[in-house]
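The block underneath contains the structure these notes are about, expressed in structure tokens.
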Amino acid sequence: MFSEYCNPHSKKLESKYGRGMTSHFAAPSCENAKVEVLDAKTKELLCFLDKVDPHSTIGDIKSLFYKSYPQWYPARQALRLESKGKSLRDDEILQNLPVGTTATMYFKDLGPQLGWTTVFFAEYIGALLTYLLFFFRVPYIYSHTYAFTSSPHPVVTLACVCHTFHYMKRLMETIFVHRFSHGTMPLRTIIKNCAYYWGFSAWLAYYINHPLYTPPSYGELQIKYALITFAMCEMGNLSIHMSLSNLNRFRVRRCPMPTKNPFTWLFFFVSCPNYTYEVGAWMSFTVMTQVLPVAIYTLFGFIQMTIWAKGKHRAYIREFKDYPSVRMAIIPLIL
């Protein structure tokens, strides 16, 4: 049995479990630990957990803390060993932490959280619909003369089809392909992400669908090859996502490797080919439309995806001792 103590200004935890109640944290064969949770800012004692199984995870401790403070569900909690230190992962085990018989942890409220599925839906649906508003030239965007008219240039329609396909693919992947953990994202971060996706989508669409828009310099030849490249990169991106999703079905972590699908052969050279294909798709979209805002969006996306790819690349190297040395993060043989 374990017992808990809360700050006198809050409700006591004893009443929530009842006396004489057996807990799954009980470990008669092991010496029990104690955990005290302090506020990271004020250093005020929020909760004291007595007789905690040393094999308990941080996630278990968050669940116990949540029972006393229902307004702070586990996804909102950050527990640290130092008030301004790094947050502990949910899968870290208490006995493996550098603490004594009484572990002092500091709590920080991360704010309202939303699941990854909700995050992606908000980002992608917003970007999709925003672009379509400009494509159909709803009133008050351009001159009333052009309200609900269509562009005489076929490339404008083709660009709308490609943009719509890209985000529809992302939505379908969110539903059927991606396998999300219990991770969440802070609401304030979602707002910033949506502003980024929706804002750039509006900026691109404004110029591509503008009544004064002119087709690319090399005409149909430029559009044709850009479209072929775009389609191949989208298929490659989908293939990598499906390959990673299948890999995640195994309980044991495995190193991503090429399969019989030729689009996955890029794994021979880079750690994150999904980002490589993503950048390739937007580069081809830039060539197809020949619009400066698209090029700027592609550049920003490349910078961000390079940061993510490098982080994953370093994680793979640490995790897998025999990780292929020839692989780069995002660009074969270069970066």
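Each Cβ is built from the backbone N, Cα and C atoms, and glycine gets one as well.
Bear in mind that TrEMBL entries carry predicted annotations, made automatically and left uncurated.
What you are looking at is a predicted structure, and each value in this text was computed from that prediction instead of being measured.
Among the features that TrEMBL reports, domain 'TECR-like N-terminal' is placed at 34-109.
According to TrEMBL, the feature transmembrane segment maps to 114-134 (among others).
As annotated by TrEMBL, domain '3-oxo-5-alpha-steroid 4-dehydrogenase C-terminal' applies to 184-335.
Positions annotated as transmembrane segment by TrEMBL: 189-208 (among others).
Annotation comment: TrEMBL describes 223-244 (among others) as transmembrane segment.
As annotated by TrEMBL, transmembrane segment applies to 265-285 (among others).
Packing against the transmembrane segment (291-309) from elsewhere in the chain are residues 200, 203-204, 206-208, 213, 270-272, 275, 278-279, 282-283, 285, 329-330, 335: each is 6 or more residues past its ends and has a CB under 8 Å from a CB in it. Per TrEMBL, transmembrane segment is recorded for 291-309 (among others).
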Residue counts (helix, strand, coil, in that order) that DSSP gives for the domain 'TECR-like N-terminal' (34-109): 17 helix, 29 strand, 30 coil
Surrounding residues of the transmembrane segment (114-134) on its own chain - C-beta under 8 Å, 6+ positions past either end: 141, 160, 163-164, 167-168, 170-171, 174, 178, 180, 183-185, 187, 190, 193-194, 197-198, 200-202, 204-206, 208-209
